[in-house]
């Protein structure tokens with residue numbers, strides 16, 4: 001088939017989890033339910049943090065940002081997938097695909113950076129408690145979030161511009177439920193060596209460096225907790241980072257599962273299935289992980305719900 005420039009391709013086809021049309025409606029209910037739980041759960045976290053002055057601290061400031069990003073990352077891909085299932089269509093426009101890919105990479109990168117910033121916050125709280133308020137002042141917290149946004153925006157913009165240089169064949173079938181960068185590069189008819197190089201380099205830097213930073217901070221945290229003399233002190237110190245450690249483990253384990261499944265031969269649909277874990281399941285579970293183990297969040301949520309009932 002003769003390659004055509006991307007601007008001549010008006011639409012792509014999202015094959016979803018299966019090319020069998022009759023199987024698509026079966027997943028509408030579960031994904032719609034998970035999407036609602038994700039949005040409502042994370043929205044409650046944001047409202048609880050913003051409404052309770054006791055939670056106006058760096059840890060909860062970063063948590064509310066993480067909840068906002070989790071809402072955005074699922075809203076970037078799930079509504080379109082549900083719409084296609086409801087209308088029994090697999091079509092996504094060329095512009096819609098590029099926009100979806102851009103925002104997905106943006107929010108996925110932000111998720112990664114925010115988890116790293118939250119690890120740094122816990123490191124300062126446990127290893128340098130006397131200087132915590134000085135180090136984690138509002139200005140520094142704002143700068144950390146702003147830098148995370150800037151890097152994520154620039155990376156997503158670079159990858160998107162690289163994709164716009166590719167040529168595609170007449171019919172582009174994406175074996176996924178959203179426009180993923182790796183899938184688009186592999187489906188290009190033109191030379192994609194430079195795109196592969198930039199994508200792998202970006203994944204190594206934006207994925208490897210934050211992970212290395214998180215591992216380093218938790219090594220220092222574990223060392224500090226080990227030096228605490230009392231068992232009560234150790235439990236209190238560990239409890240301050242247990243929720244974050246759970247979210248980090250869930251996020252990186254699911255990302256690793258996606259990477260391994262995509263690296264295996266003939267694994268397009270298995271990669272799509274694995275992607276559900278970090279695009280839908282992880283954002284849905286984050287509010288539960290933080291609220292169930294956090295007395296301050298539960299207290300703030302109760303106060304917020306009571307204020308709504310009384311209002």
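First residue shown is number 1, and so on along the chain.
Keep in mind that glycine also has a Cβ here, set from the backbone N, Cα and C atoms.
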Practice prompt. Using TrEMBL as the reference, determine which range in 177-196, 197-216 is annotated transmembrane segment.
Written response: 197-216
Item to complete: Would you kindly list the residues that approach the transmembrane segment (27-48) from elsewhere in its chain, counting only those six or more residues past its ends and only Cβ-Cβ distances under 8 Å?
Response: 16-17, 55, 63-64, 67-68, 70-71, 74-75, 78-79, 81-82, 85-86, 280-281, 283-284, 286-288, 290-291, 297, 300-301, 304
